[in-house]
Amino acid sequence: FVAACGKRVSLGALRNVARHMEPPKKIARLTLASESGRIAVVEPERYEEQLDEKIASVNRLFSSFKLPRIEVFRSKPSHYRMRAEFRVWHDGEEVYYTVFQKDDSNDKRQRPKAVRIDSFPAGSELMNELMAALMREVVKQEELRHKLHQVNFHTTLKGEAMVTMIYHKKLQDTWIKTAKEAAEILGKVASCSTGFVHIIGRSRKQKICLNQDFVVEELQVNNKRYLYRQVEGSFSQPNASVAQHMVAWSQTVTSPACDGQGGAPVQPTEDLIELYCGNANFTIPLSENFKTVVATEVSKASVAAARENIKANGVTNILLGRMSSEEFVEAWKQQRPMRRLPELQWTDLKLTTLLVDPPRAGLDKDTEKLLHEFDSIVYISCNPATLRDNLETVKETHDISRFAVFDQFPYTSHLECGAYLKRRACEHAPQEAKSPAGNPSSV
């Protein structure tokens, strides 16, 4: 179970692992596990040092490219993470949160060890307050404590919070009553701006929402406020402060004013395609730079949240469809109609810019080929290695005009990158991609 990387395994598998666990040890100043499964330690005094190491690693990785000056967007040294998941350990009458870590060996048979935590310095101040307040209630209330397996915390910059409690038992009316009382107590913690906390109870084939299963985040992007519904169990950027920088950077580089260099806004004349749009985190602010945005996402929950967010922010120039990037590429190549985007008329659009924000594995081969067909590319990456591999394919036709790093996960090896590419003036889009409007004439 590696919470930082968003990986999930079955509860049965976790129970099997737990049978072989040693009693948890306690360490201070930890953050959640890195990709290696080892726990990173929050050390504000060495924040700049660890960031410099990661930037040097990116420079080495992209040594075969002609990179512009790297723009660096720092994280807060502590209390930067908005969401986290914790196992709950029962040791007689004692109950506490744990995370798991592997040892330094490469032995895949080595089982991870549980580590006790009573505070979480990587988490937001609100999360830490809620962790302590909830555990006090769990210890006091047998109905909350009995067979409690895991607790997920989700907080926002504006002070909203959602807590999911996962059980190995069916939840009864007595649990609902006790959980409502706990929600009132949690709502009184100092950093909670709303006066209440959304509690969700989960068990096998059971989900109970005391009021709602989402929070609304507020991001400030280039001096403008945007609202985002973040649904329980769905993806959202864990480091919201850095996410603001990521969206602001992407909006700036795609500004039609000065070809990615900022400046006074001008009337947009071109259109954008965005793949992997999630809950429209980038889609909504970037819609101001284009006449129309065509956005796709495969997750049903994310698409539903994106529709709510588009409506909440009053945006009217986004066409959103639920489909994978592979499905979109097939439609782009005229292999099948766009049944999930019937309002899309290719000949009405001037699609010159592509935005991709893929998972760690990077782009699939067909989507990688799609890069060649756009004059401008914005690539947001959570894995610099796959970013490099994907950009190798357009190295001969496009230049990296802007390059940024975003420290979403301090004290780990992970670093988010943003690359903005422009087609060289002497290069042209592939002939088969052209129509009178510069796009496929029909789908």
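Our numbering is plain: 1 for the first residue shown, then up by one each step along the chain.
In case you wondered, yes, glycine gets a Cβ from its N, Cα and C as well.
TrEMBL lists Cys382 with the feature active site, nucleophile. Annotation source TrEMBL lists active site at Cys382. For Gln237, Tyr276, Glu297, Asp357, the entry in TrEMBL reads S-adenosyl-L-methionine binding site.
Excluding Gln237, Tyr276, Glu297, Asp357 themselves, the residues of that chain whose CB lies within 8 A of the CB mean position for the S-adenosyl-L-methionine site are, in sequence, Phe235, Cys277, Gly278, Asn281, Phe282, Ser302, Pro358, Ile380. Taking every protein chain shown into account, Glu297, Asp357 are the binding-site residues, and of these the Cβ with the most other Cβ atoms within 10 Å belongs to Glu297. Every protein chain considered, the tally of other Cβ atoms within 10 Å of the Cβ of Gln237 (S-adenosyl-L-methionine binding site) stands at 24.
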